[in-house]
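Quick look at what TrEMBL lists:
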- 7-277: domain 'Tr-type G' (DOMAIN)
- 16-23, 84-88, 138-141: GTP binding site (BINDING)
Amino acid sequence: MSISNRPDRRTFAIISHPDAGKTTLTEKLLMAGGAIHLAGEVKARGQNRRARSDWMKIEQQRGISVTSSVMTFEYDGLTFNLLDTPGHEDFSEDTYRTLTAVDSAVMVIDAAKGIEPQTRKLFEVCRLRSVPIITFVNKVDREGRDPFELLDEVADQLQLDVCPMSWPVGMGGQFEGIYDIANDVLRMPADDATGAFEGRRESVSGLDDDRLDALLSDEGAQRLRDEAELAVGGYASFDAAGYRGGDLTPVYFGSALKDFGVEELIRALAAHAPSPRAQPAEPAAVSPDDANVTGFVFKVQANMDPQHRDRIAFMRLCSGRFRRGMKLTPTGHGKPIAVHSPILFFARERELADEAWPGDIIGIPNHGTLRVGDTLAEQPGVRFTGLPNFAPEILRRVALADPTKTKQLRKALDDLSEEGVIQVFYPEIGSQWIVGVVGQLQLEVLISRLQHEYKVDARLEPSPWDVARWIAADSDADLKAFIGLHRSALANDRDGQPVFLARDAWEMNYVQGKSPAIRFSATKERH
Ligand code: GDP
């Protein structure tokens, strides 16, 4: 059965290096969509006032701040779900997994800096899943690098076709405006000092139009004509299929701070970014039009209040029309869960809403039953694939200050690994529990949470192992034989799956070479 009148969604994330302007751009997007208002503008309206306070009560009771995880705004009849990717220098699996829940991404680049390390890392994750990317070159109000150089850098470093959709007339002190190449519109800063930077728009007949000479300085007009012509001729033209396949990125220039070019970016998302697509699953991909309500958990957030053990599981809805109170069954484990108080982010001003559609995110309060990677479905039998656990890059041994706290430590490590903060490996021999993380910051988070939430005083010590791989084999006998032979380097993860630990990459390669029947995997998908 197909569902008609499904509201159209754009579910996306912003990827960028810290300081490129993600927060500023997010704010401006939300303002453009009317989702946030200047102080004093929000007026409580009868019915909504009650609904809104209900929602806040839930936030308070549970002590969970979910406010910034998913931000929803409407524009031009479409609903945009912006998923926040944690913006630390040192990123975690959380970031990766959030990108599994979006249909497209906006890549923000600082015009003075170009592609930076975190931009590239996040881009690589998008590429793995062919997530289409719109590029926003930010901070054109400041001196930046030559636009050609920036475009070439994107093309060379990310191996993407680039298509300039707009062109800046100068940057910094020389900035005069931005030319919209497809629509032949020149956008210019306001003359006055009202604070509205993007004040004027003038349609022209093309780059040859004489009016450009009146609107811009002589230098500016000349420069725009020379550069834009070269840009149009020198780069790919826009191709919707190329963009949606993740091979081409349309590039927009602007300034988040001055609110310049932000509206063009929203329009680009509206016009080009894909609405929810079919999601990879077993036994078959799930189309958003399927009537069966399905989704997967991509993030679990624990209570900020250590007195409570509640968690919020963030589920991306993949198909069907979700209604509040409906029962969903986690595939593979557990009984149906009645979702009575879902947190639905698309409702304006944080009302509790009653329904959600594919592409929307639903926050489901639970006591630790739901885990990252879980599939939830009205009619079970579906399992979404492709939400990997990544092999940790840093391994540490956990040493307890007080040995009587072993039980608490185990509980804490299990909980935190469920949440995706760390991975934990329990060696078959000995009691040296090993934690693994993708980035250094996760170790700091671990120690602080052990102390404050679990009252466990622990230290992290160097681990005898440096590399971890999940192992599997077609035949049980082969796997058993391998485990028997390498028992001192074997561990189980939180789910009891076997993991081989090696002292270094060389040893890992060596053992791998000698064990052709065993599959060593740097990622694990939950079953
Ligand atoms: P994030 O770390 O990517 O979230 O970056 P922020 O949005 O916090 O911005 C980092 C800094 O750059 C802040 O000081 C912003 O005010 C500044 N910034 C952001 N966008 C612009 C812009 O378009 N122009 C200028 N000049 N500064 C900007």
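Glycine is treated like the rest: Cβ placed from N, Cα and C.
For the domain 'Tr-type G' (7-277), the model's average pLDDT works out to 83. Ser16 (GTP binding site) carries a strand DSSP state (E or B). With a cut-off of 6 Å between Cβ and the nearest atom of ligand 1, the binding-site residues Lys22, Thr85, Val140 reduce to Lys22. Under the three-state DSSP scheme, Lys22 (GTP binding site) falls in the helix class.
It is Ser16 that, of the binding-site residues Ser16, Lys22, has its Cβ surrounded by the most other Cβ atoms within 10 Å. All protein chains considered, the CB of Thr85 (GTP binding site) has 23 other CB atoms within 10 Å. A 10 Å cutoff on Cβ-Cβ distances gives Val140 (GTP binding site) a total of 25 other Cβ atoms nearby, all chains included.
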